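A.B. asks: Handing you a structure now.
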Amino acid sequence: MHVKKYLLKGLHRLQKGPGYTYKELLVWYCDNTNTHGPKRIICEGPKKKAMWFVLTLLFTSLVCWQWGLFIKTYLNWEVSVSLSIGFKTMDFPAVTICNASPFQYSKVQHLLKDLDELMEAVLGRILGPELSQVNDTRALNLSIWHHTPLVFINEQNPHHPVVLDLFEDNFNGSASNSPAPGRPCSAHRCKVAMRLCSHNGTTCTFRNFSSATQAVTEWYTLQATNIFAQVPNQELVAMGYPAERLILACLFGAEPCNYRNFTPIFHPDYGNCYIFNWGMTEKALPSANPGTEFGLKLILDMGQEDYVPFLTSTAGARLMLHEQRSYPFIKEEGIYAMAGMETSIGVLVDKLQRKGEPYSQCTKNGSDVPIQNLYSNYNTTYSIQACIRSCFQEHMIRECGCGHYLYPLPHKRKYCNNQEFPDWAHCYSALRISLAQRETCIYACKESCNDTQYKMTISMAVWPSEASEDWIFHVLSQERDQSSNITLSRKGIVKLNIYFQEFNYRTIEESAANNIVWLLSNLGGQFGFWMGGSVLCLIEFGEIIIDFVWITIIKLVALAKSVRQKRAQARYEGPPPTVAELVEAHTNFGFQPDLATPGPDVEAYPHEQNPPIPGTPPPNYDSLRLQPLDVIESDSEGDAI
């Protein structure tokens with residue numbers, strides 16, 4: 001009962017409002033606030049009132065402007081970068097090594113036979129019959145050529161360039177199975193380009209090159225991709241360089257190692273690659289001390305005599321240092337080690353720690369990235385390189401209907417080839433140079449919040465020396481179980497030394513440049529400096545704002561009621577009926593005080609012996625006041641609410 005009574009009092013007080021007008025509320029605020037300035041507006045003379053009003057308004061605007069700047073700076077989510085240097089025993093990085101040639105030519109020659117003959121013929125047409133040593137009488141398999149031919153573009157007239165197929169006998173486009181001598185255009189007068197057409201031939205583009213060397217290399221790689229995409233992965237692995245042939249000697253610190261300590265992985269660009277200290281099945285190996293003697297020492301045989309002649313023009317080893325359990329993107333982030341040289345690589349470690357949302361768009365494990373990570377089949381950690389390549393493969397499958405050979409495939413998808421997807425090269429070329437595709441992938445992919453970078457200092461020396469090369473190559477040859485009359489040579493041997501320069505590591509860490517404490521301190525400092533205010537002054541200002549809103553709502557409600565009453569009165573003409581008239585109409589239907597005749601109308605009741613006796617009318621009150629049983633107490637009793 002007491003709760004109900006209290007709630008009724010509270011409701012009544014809400015309906016009444018603060019009980020002030022706008023002017024009274026402003027005067028009360030200026031007289032009671034602790035902020036400097038408003039009190040002087042109501043206490044001084046007219047001139048000083050105007051002066052203090054202008055000053056108060058000016059400094060209030062200045063404070064609001066400063067607050068806006070600080071809040072905008074805070075919402076920019078800026079970071080500050082701190083650099084710290086630590087010293088501890090560190091895990092040795094994972095080391096991936098590959099041969100520059102992905103396959104042994106002796107094992108893939110049967111797959112590339114037609115392509116190699118066609119390549120020799122192409123070189124003959126480019127060089128001209130006087131410089132070519134190719135037998136031009138051989139018949140060529142031009143089925144590969146027709147998908148993506150190379151052409152001469154004669155630009156002597158820039159407004160009307162002439163396009164000629166390398167194997168056309170005339171300008172009409174007829175072709176023969178063997179190259180015709182005496183071409184009217186040669187490499188020094190014409191540019192070599194690659195013609196890429198859609199399957200129906202309605203759309204063709206030309207990919208130009210500044211050198212014929214680049215043109216034929218890109219063309220051969222594209223055709224080889226078509227061939228290798230149709231070969232099962234197990235056969236491709238068998239065609240690459242085995243670990244026991246590639247790795248001749250291994251030493252980590254004071255402990256010997258061999259090819260069994262390396263994890264094999266197939267890379268489409270470099271064939272069989274091998275990773276030392278990947279950490280997939282065992283704990284990462286630590287380095288006992290900095291220096292060459294405590295690092296990894298390798299002697300590698302590149303087998304340059306078995307390189308694919310037109311596919312690989314670089315001789316040496318490709319290597320990369322990376323974190324444990326991370327996929328090696330060795331084509332983009334690796335370095336070459338030259339054959340016939342001893343390459344020493346000193347390593348320094350940088351650890352990057354980025355702030356997450358909302359300070360940056362980094363991700364901890366890639367779970368919030370909307371791109372399917374195609375490299376997750378390797379059980380590796382997330383990286384932005386994996387995301388970008390997965391995104392490209394996703395676009396490739398959506399636009400071209402097949403996946404590119406260089407990237408992993410999603411489930412139940414096929415690699416592109418000329419037989420099943422005749423226009424894949426045209427589609428791939430357009431997608432490769434598409435700016436929209438690159439921007440989409442860069443926008444969708446995120447950097448990793450925690451990353452480790454290995455800074456390398458590289459030095460090289462000739463190895464072995466002339467005085468020692470004879471016995472070193474003979475010993476290494478015998479250890480490879482080769483006959484004594486077949487020795488290794490300087491052209492195929494690489495020696496590597498990989499070690500920590502020092503155990504000092506740098507940690508580059510991002511932290512919030514402006515936190516909530518910084519924001520509150522600056523807001524309070526500006527408010528206190530310009531207006532002498534505090535948090536309590538803000539609460540006072542909030543209170544008066546609430547009262548203003550409260551009074552406004554009450555006035556709007558009262559105005560709505562007044563408008564509604566005026567509309568209701570406009571429906572009736574004349575003055576409203578009195579209470580006595582309303583009671584007469586509802587209690588005695590036979591009584592008509594003003595309109596009825598003085599006596600009963602006998603004609604109105606022809607069948608009645610006696611007309612009905614009129615009822616006694618009620619008192620003719622002009623008003624009727626009803627007092628409810630439960631009298632609500634006066635407002636003065638509820639002022640304590």
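Just so you know, glycine gets a Cβ as well, placed from its N, Cα and C.
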A.B. asks: Do you know which of Asn261, Asn379 is annotated N-linked glycosylation site by Swiss-Prot?
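C.D. replies: Asn379, according to Swiss-Prot.
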A.B. asks: According to Swiss-Prot, Cys445 takes part in a disulfide bond; indicate which of Cys362, Cys387, Cys537 is its partner.
C.D. replies: Cys387
A.B. asks: Out of Asn99, Asn141, which residue gets the N-linked glycosylation site annotation in Swiss-Prot?
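C.D. replies: Comparing Asn99, Asn141 with the record, Swiss-Prot tags Asn141 as N-linked glycosylation site.
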A.B. asks: Please work out, from what Swiss-Prot records, which of Cys273, Cys362, Cys391, Cys537 forms the disulfide with Cys441.
C.D. replies: Cys391
A.B. asks: Tell me which of Cys273, Cys362, Cys400, Cys537 Swiss-Prot records as disulfide-bonded to Cys427.
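C.D. replies: Within the candidate set Cys273, Cys362, Cys400, Cys537, Swiss-Prot assigns the bond with Cys427 to Cys400.
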A.B. asks: With Cys197 as one half of a disulfide in Swiss-Prot, pick the other half from Cys190, Cys204.
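C.D. replies: Checking Swiss-Prot, the candidate bonded to Cys197 through a disulfide is Cys204.
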A.B. asks: Mind checking which of Cys204, Cys391, Cys400 has the fewest other CB atoms within 10 A of its CB? They're the disulfide-bonded residues.
C.D. replies: Cys204
A.B. asks: Should Cys416 (disulfide bond) be counted as helix, strand, or coil on the basis of DSSP?
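C.D. replies: Once the DSSP labels are grouped into three classes, Cys416 (disulfide bond) ends up as coil.
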A.B. asks: Could you check which of the disulfide-bonded residues (Cys250, Cys416, Cys427) sits closest to Cys98 (disulfide bond), going Cα to Cα?
C.D. replies: Cys250
A.B. asks: Name the secondary structure element type, per DSSP in three states, that contains Cys387 (disulfide bond).
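C.D. replies: In the DSSP reduction, Cys387 (disulfide bond) maps to helix.
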A.B. asks: With every protein chain in view, what's the tally of Cβ atoms within 10 Å of the Cβ of Cys449 (disulfide bond), excluding that atom itself?
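C.D. replies: Result for Cys449 (disulfide bond): 19 neighbouring Cβ atoms inside 10 Å.
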A.B. asks: If you count other Cβ atoms within 10 Å of each one's Cβ, which of the disulfide-bonded residues Cys257, Cys387, Cys427, Cys441 has the most?
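C.D. replies: Its Cβ has the most other Cβ atoms within 10 Å: Cys387.
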A.B. asks: Considering Cα atoms only, can you say which of Cys204, Cys387, Cys400, Cys441 is the nearest neighbour of Cys449 (disulfide bond) among these disulfide-bonded residues?
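C.D. replies: Looking at Cα distances from Cys449 (disulfide bond), the smallest one goes to Cys387.
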A.B. asks: Could you list the residues of the same chain, at least six apart in sequence, whose Cβ is under 8 A from the Cβ of Cys362 (disulfide bond)?
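C.D. replies: In sequence order, the residues whose Cβ lies under 8 Å from that of Cys362 (disulfide bond) (at least 6 apart) are Arg354, Lys355, Gly356, Lys446, Glu447, Ser448, Cys449.
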A.B. asks: Give me the CA-CA distance between Cys250 (disulfide bond) and Cys273 (disulfide bond), in Å, as a whole number.
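C.D. replies: So the alpha carbons of Cys250 (disulfide bond) and Cys273 (disulfide bond) sit roughly 16 Å from each other.
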